[in-house]
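Asker: Just lifted these from Swiss-Prot, have a look:
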TRANSIT   1-77  transit peptide
MOD_RES   K151  N6-acetyllysine
REPEAT    160-194  repeat 'PPR 2'
MOD_RES   K186  N6-acetyllysine
REPEAT    195-229  repeat 'PPR 3'
REPEAT    230-264  repeat 'PPR 4'
MOD_RES   K291  N6-acetyllysine
REPEAT    300-334  repeat 'PPR 6'
REPEAT    402-436  repeat 'PPR 7'
REPEAT    437-471  repeat 'PPR 8'
MOD_RES   K462  N6-acetyllysine
REPEAT    677-708  repeat 'PPR 9'
REPEAT    746-783  repeat 'PPR 11'
MOD_RES   K749  N6-acetyllysine
REPEAT    784-820  repeat 'PPR 12'
REPEAT    953-987  repeat 'PPR 14'
MOD_RES   S1025  phosphoserine
MOD_RES   S1026  phosphoserine
MOD_RES   S1028  phosphoserine
REPEAT    1065-1101  repeat 'PPR 16'
MOD_RES   S1137  phosphoserine
REPEAT    1174-1208  repeat 'PPR 19'
Amino acid sequence: MSALLRPARWLLGAAAVPRLPLSLRLPAGGPGRLPSVVRVAAAGGRPAAGELLSQARLYAIVAEKKDLPEEPAPVRRSGSQFDWALMRLDNSVRRTGRITKGLLQKVFESTCRSGSPGSNQALLLLRSCGSLLPELSLAERTEFAHKIWDKLQQLGTVYDVSHYNALLKVYLQNEYRFSPTDFLAKMEGANIQPNRVTYQRLIAAYCSVGDIEGASKILGFMKTRDLPITEAVFSALVTGHARAGDMESAENILTVMKQAGIEPGPDTYLALLNAHAEKGDIDHVKQILEKVEKSDHYFMDRDFLQIIVSFSKAGYPQYVSEILEKITYERRSIPDAMNLILLLVTEKLEDTAFQVLLALPLARDETSSSFGSFFLRHCVTMDTPAEKLIDYCKRLRDAKVHSSSLQFTLHCALQANKTALAKAVMEALRDEGFPIRTHYFWPLLVGHQKTKNVQGIIDILKIMKEMGVDPDQETYINYVFPCFGSVQSARAALQENKCLPKSTTFAQAEVRNEAINGNLQNILSFLESNALPFSFNSLRGSLILGFRRSMNIDLWSKITELLYKDDRYCQKPPGPTEAVGYFLYNLIDSMSDSEVQAKEERLRQYFHQLREMNVKVSENIYKGICNLLDNYHVPELIKDVKVLVDREKIDSRKTSQFTSSDLESTLEKLKAEGHPVGDPLKQLILLLCSEENMQKALEVKAKYESDMVIGGYAALINLCCRHDNAEDALNLKQEFDRLDPSAVLDTAKYVALVKVLGKHGRVQDAINILKEMKEKDVVIKDAAVLSFFHILNGAALRGEIETVKQLHEAIVTLGLAKPSSNISFPLVTVHLEKDDLPAALEASIACHEKYKVLPRIHDVLCKLIEKGETDLIQKAMDFVSQEQGEMSMLYDLFFAFLQTGNYKEAKKIIETPGIRARPTRLQWFCDRCIANNQVETLEKLVELTEKLFECDRDQMYYNLLKLYKISGDWQRADAVWNKMQEENLIPRERTLRLLAGILKTSNQEVPFDVPELWFGDDRSSLSSSSPSAGDTVTEKMLLSDCRLKKSKDAYNIFLKAEKQDVVFSSEAYSTLVGLLLSKDDFTRAMHVKDFAETHIKGFTLNGAASSLLIIAQVRRDYLKVALETLKAALDLEQVPSELAVTRLIQALALQGDVKSIETIQKMVKGLDAIELSRMVFINNIALAQMKNNEIDAAIENIEHMLASENQTVEHQYFGLSYLFRKVIEEQMEPALEKLSIMSERLANQFALYKPVTDLFLQLVDSGKVDEARALLERCGAIAEQTSILSVFCLRTSQKPKKAPVLKTLLELIPELRENDRVYSCSMKSYVADKDVASAKALYEHLTAKNMKLDDLFLKRYASLLKDVGEPVPFTEPPESFGFYIKQLKEARENPS
């Protein structure tokens, strides 16, 4: 008793301490105690539910610590980083009541990277290392805390008493044994004074090991310092006496408390309950619980959970059930219970954890079928014995708590690479009839494959064999073969270990692997000796790759002959002719044009050898190969392929061609006899139009003009429009109007007129046609609106800004189309094509201000993100947020980050507090991903929206499965099934049917019952009849999908029409080809084009589609084909876009193809509609010559053009900037040196300063400042070329992030600062880049020179200063920027 009386006397001798409010009471912090709730209650009353805060709220008050007055708040530093860390940890605790090690590690590493972690950050990290980490063992938690302490101290973090107290709390929660005296000495050495909280926790530390004497010493310190003794101290003393074996003294502490004027509260009673629980004294526990129930006190669920911990850890799990009966299972206590379960599993008390798990109300919730995943995952992590874990799984399933517990446990075991456990679980699943699939073993194989662990691979293959699972080809090729020196050694090792399957799978994988490595001799030997039937389709892709990697044509031929003649490989149907034909087609199709050209002789030899081997192909496939060879610009090979055609199967049907000669003769005869010729004339005109014979049709019209009728004119107008003949089309329209002013063309012909006139720059004439459509009430349907879009889009792709604006304004103002987002797309596209992102954004914003639509904002955002235009992104987001709401802004940003692959940023956006699902927006992006075959993007969308509030997860997975169906990826589809089960998702019937269809198509077992359609019988009865109305496709459907940019749907309609032998109009196919090319879907576009060419006589792409085709061909390095496409378009009198022609010329220049550039120059000569500058040819021909190392010739040509009296380009317009820039970018140093010499010579000898000035400016722009400075010193006249320098400044100021370039230019030529245009451009660029220092320097320089500054300059400077919170040293001009821009423009245009 003496040990008890000593502290009691001190307590009685001290002044009576008023009872602390419960909100300020600290938890007892006894060993192993769960984090206690901060209790807020009226005296003696039970708190309201909303006033009870979990320890999660501690994170919300770390910065202020208002509820912890005994620990003075340290000075706050690194606010934004701290807020970020606080948010991540706080969100985790709010959501789950715990923190994972991974999350804490990330926050810790991020904090360390900040360089100077703040005091609050350190405190936050330390407090997270205790009971908030239930998934870590006690020792690991403490080790983590020490790691954080040491590292932050190294980084310069200054610790105060709050940090030492936090460390003490972690020690207590983690039951860490340490010396309190040494801890005090450590604080003293750091010159840190302990406070009341320090002493309280040191007392708790002594008491946790039953050291009452040590606790008494600390109490003595507190008494001498006149520190109040709180309930927390008494609670610790209860624990100390109990662990010292003196339960009587422990119980007497309550009496001592009352004598000290402190009424024992819940914490004290809980400490006493834990003391009895550690002794296994259930009777005393019950007595105390009854006593508390009769008093004004109460226990919360987490208090009962703590008692369960005490019983369990002391070895008395038999009493847990009696405590569980006391728990009310309030919703807010569920995270505490789950964390208790994790803690028990960590402490190897899985049985008790399982008992608590089954007692939770969620386990009895019939709507939940996957509760307990967290328990199973942690059991896997903590290496719970397989037998016990499998038993848990079965009991959870039988209790209908977790319907897929074994599958989920297998998933966790595979993730954790726990082979033995995975095997045991798979055996349990197999015994229950669950199919074990090959890809389940891939996570186990990949670890061994990375380390070349042959034995590990063999062990996994043995397990697969035991499980009755045969590896597929992917398994062997991706995971097994890479571990061996050769396939033969792999076969030998597997045979030795009896892992070689009896099926053909290994052999097929062997062939594929040898083909991939180009070992054709091994393939031939295998195919000759193979005794099993193989599918040619299973070999085709690998053989193509093998052929391309081997140049042995004899082996090519022998393998092809073997495949053609051996029944094992080309079974019927379709037979060897079709199978080998498709192989040849795919072989050539897989090559680029340059590869085909390089292998032309080898391919010719190959085809000749096949002919000698009597290998045949069908005529249809021959035509396809011809098209490929023609596109690859090697038509010479066509005759070599023709000899392979199977002549016996050629369709010998004769086709008769109806000519116009008979009609023309009849017409002349009727005219001579004086008979009416109206009808036959119209018939002849229509026939010539169908033959696309425009020249002849116009001649006939001229000859019989007096007899022409309305129908003939209409047909001729349409014909001229198709042939891009704007002049004759307009003349015919005028004659049409004179013939009958009231006559009306059909909508398609009006639209065609608008299109051809707009394309040829006759915008006003096109607008007049639009006005006539309005005046004559021409019916405008969806097809016409779609055509309007294509007209505008074609102009946009050509870069014709004014054309797009004027035509769009006319169409909308006249009411011919509503100002929808789609019809407004080209207003933005025209700027995107020019890569003018600021203008594109402004155009989109202007559309919203005028029409309340925001076209292409997604594409604009994606471009801005790719370019890193943070200011413009912020501007866009501010506008969207203001006009459409913050939620719309977040979704726009989320989708843009996803599209550009910035998944981390996308995750941050979608985890924004308060964001909820918007089904329409989500479905829009899903459809976009499906249409563009963006598998990874859609997968990330589904993954990131898992926790999104009100997100229809079934719909998300349904979209993902739709994409997998297109790609035929059954493995990923099967993984989706597992993922849906993990999420406890009940899929809709359509989702199940879609998944089942994917698995069945790939001959895989379906692991669930497939719902049957109630109308199945009706559907099957219709399947044998002709296509139903719902199956019939129309051109309107195709054009509608094209208008909506649904390229995938439009292409599917085309395929369906192809099967039904439905042929659309030329314009429909041109539209579809253009759409597919705009989506970079080159292969499908060519399929559509080839079909149209074979089904519509004289089919040609329209101008816009031809331009897109040229760009696509250039992008794929099909330069010869692109040149042919350009020639064909020009032969049809089409006007390709300036962009398409320029891209082709530039690509040819980089390849050194001077001849082709000169050919293009001749082809476009005189075509002013293309608006191609002569400098495009001059620059690119010179560049091509330099690429061919003909530098002297290139320079001589340039000098000759500049010095010649017959100048083709005036000196002031002879710009070589592009040439200089490409030479610098391509690092062509000899060429750059000689160009520099040439430029200086022209300047010094001929006073031609533009070349040297252009070179100087390109050196500045590319960052070669020293070279630019040296050039300026050698040629000082550069500084006098004010007009050239001003134009450069103007153009540069319009580009983002170019302020440093202008700054460098002004440093090199200081006198430019006083040029009003230059300093205005400089200020504009400084403001755009937020370069305050440079802006200030420029302003101060100009004011010092007493320069008169215009209002626009001052307005820009004032806006910059206000943005950064600095005072404006003058009166800010009051009007808008637009006002001053207009004012300055007028002043410069009218200098008077």
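From the backbone N, Cα and C atoms, a Cβ is placed for every residue, glycine too.
Could you tell me the structural context for the features on the list?
Answerer: Classification of K151 (N6-acetyllysine) by DSSP places it within a helix. Its own atom aside, the Cβ of K151 (N6-acetyllysine) has 17 Cβ atoms within 10 angstroms in the protein chains shown.
Cβ neighbours of K186 (N6-acetyllysine) (same chain, under 8 Å, six or more residues apart in sequence): Y164. In the three-state DSSP assignment, the secondary structure recorded for K186 (N6-acetyllysine) is helix.
In the predicted model, the repeat 'PPR 3' (195-229) shows an average pLDDT of 90.
In the three-state DSSP assignment, the secondary structure recorded for K291 (N6-acetyllysine) is helix. Taking the Cβ of K291 (N6-acetyllysine) as reference, no residue of its chain lies under 8 Å away while being at least six apart in sequence.
Taken through DSSP, the repeat 'PPR 6' (300-334) splits into 25 helix, 0 strand, 10 coil.
Within its own chain, the repeat 'PPR 7' (402-436) is flanked in space by residues 369-373, 376-377, 379-381, 383, 386-387, 389-390, 392-394, 396, 443-444, 447, 459-460, 463, 466-469, 978, 981-982, 1005, 1007, which lie at least six positions past its ends and keep a Cβ under 8 Å from the stretch.
Below 8 angstroms of C-beta separation, residues 410, 414-415, 417, 419, 422-423, 426-427, 430, 478-480, 482-484, 493-494, 497-499, 501, 503, 505-506, 971, 974-975, 1004 of the same chain, each at least six residues beyond the ends of the repeat 'PPR 8' (437-471), sit close to that stretch.
Cβ neighbours within 10 Å of K462 (N6-acetyllysine), excluding its own Cβ and spanning all shown chains: 14. Under the three-state DSSP scheme, K462 (N6-acetyllysine) falls in the helix class.
Cβ atoms under 8 Å from those of the repeat 'PPR 9' (677-708) belong to residues 658, 660, 663-664, 666-667, 670-671, 715-716, 718-720, 722-723, 725, 728, 732, 735, 739, 1097-1098 of the same chain, restricted to positions at least 6 beyond its ends.
K749 (N6-acetyllysine) has a Cβ environment of 21 other Cβ atoms inside 10 Å.
Tertiary proximity for the repeat 'PPR 14' (953-987) is limited to same-chain residues at least six positions away from its ends with a CB under 8 Å from its CB atoms, namely 368-371, 373, 403-404, 407-408, 411, 437, 439, 919, 922-923, 926-927, 929-930, 933, 935, 938-939, 941-942, 945-946, 994-995, 997-999, 1001-1002, 1004, 1007-1008, 1048.
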Asker: Using Cα coordinates, what distance in whole Å links K462 (N6-acetyllysine) and K151 (N6-acetyllysine)?
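Answerer: Approximately 47 Å lies between the Cα of K462 (N6-acetyllysine) and that of K151 (N6-acetyllysine).
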Asker: Let's see if you can do this one: DSSP helix, strand and coil counts over the repeat 'PPR 3' (195-229), in that order.
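Answerer: Breakdown, helix to coil: 26 helix, 0 strand, 9 coil.
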Asker: So how many of the residues in the repeat 'PPR 19' (1174-1208) end up helix, strand or coil by DSSP?
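Answerer: With helix first, then strand, then coil, the repeat 'PPR 19' (1174-1208) has 27 helix, 0 strand, 8 coil.
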Asker: Counting only residues 6+ away from its ends, which parts of the chain sit with a Cβ under 8 Å from the repeat 'PPR 16' (1065-1101)?
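Answerer: Long-range Cβ neighbours of the repeat 'PPR 16' (1065-1101): 623-624, 627, 631, 690-692, 722, 748, 786-787, 790, 931-932, 1035, 1038-1039, 1042, 1045, 1047, 1050-1051, 1054, 1058, 1108-1109, 1111-1112, 1115-1116, 1128-1129, 1132, 1134.
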Asker: I'd like the Cβ neighbour count for S1137 (phosphoserine), meaning other Cβ atoms within 10 Å of its Cβ, all protein chains included.
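Answerer: Around the Cβ of S1137 (phosphoserine), 26 other Cβ atoms lie within 10 Å.
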Asker: Mind checking how the repeat 'PPR 2' (160-194) divides into helix, strand and coil residues in DSSP?
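Answerer: Summed over the repeat 'PPR 2' (160-194), the classes give 23 helix, 0 strand, 12 coil.
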Asker: Does DSSP put K749 (N6-acetyllysine) in a helix, in a strand, or in coil?
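Answerer: K749 (N6-acetyllysine) sits in a helix per DSSP.
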Asker: In the same chain, which residue numbers or ranges, 6 or more beyond the ends of the repeat 'PPR 12' (784-820), come under 8 angstroms Cβ to Cβ?
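Answerer: Those are 747-748, 751, 754-755, 758-759, 761, 763, 766-767, 770-771, 773-774, 826-827, 829-831, 833-834, 847, 850-851, 853, 1039-1040, 1042-1043, 1067, 1071, 1074, 1103-1104, 1107-1108, 1137-1139, in sequence order.
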Asker: Round to the nearest Å and give the CA-to-CA distance linking K151 (N6-acetyllysine) with S1137 (phosphoserine).
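Answerer: A Cα-Cα distance of 62 Å.
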Asker: For the C-alpha pair, I'd like the distance in angstrom between S1137 (phosphoserine) and K749 (N6-acetyllysine), rounded off.
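Answerer: If we compare the Cα positions of S1137 (phosphoserine) and K749 (N6-acetyllysine), the gap is 23 Å.
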Asker: Residues of the same chain, at least six outside the repeat 'PPR 11' (746-783), with any C-beta under 8 angstroms of its C-beta?
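Answerer: Contacts with the repeat 'PPR 11' (746-783): 714, 717-718, 720-722, 724-726, 729-730, 733, 790-791, 794-795, 798, 800, 802-803, 806-807, 810-811, 814-817, 1036, 1039-1040, 1043, 1067, 1103, 1135, 1169.
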Asker: Which secondary structure state does DSSP assign to S1137 (phosphoserine), in the simple three-class scheme?
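Answerer: In three-state terms, S1137 (phosphoserine) counts as coil.
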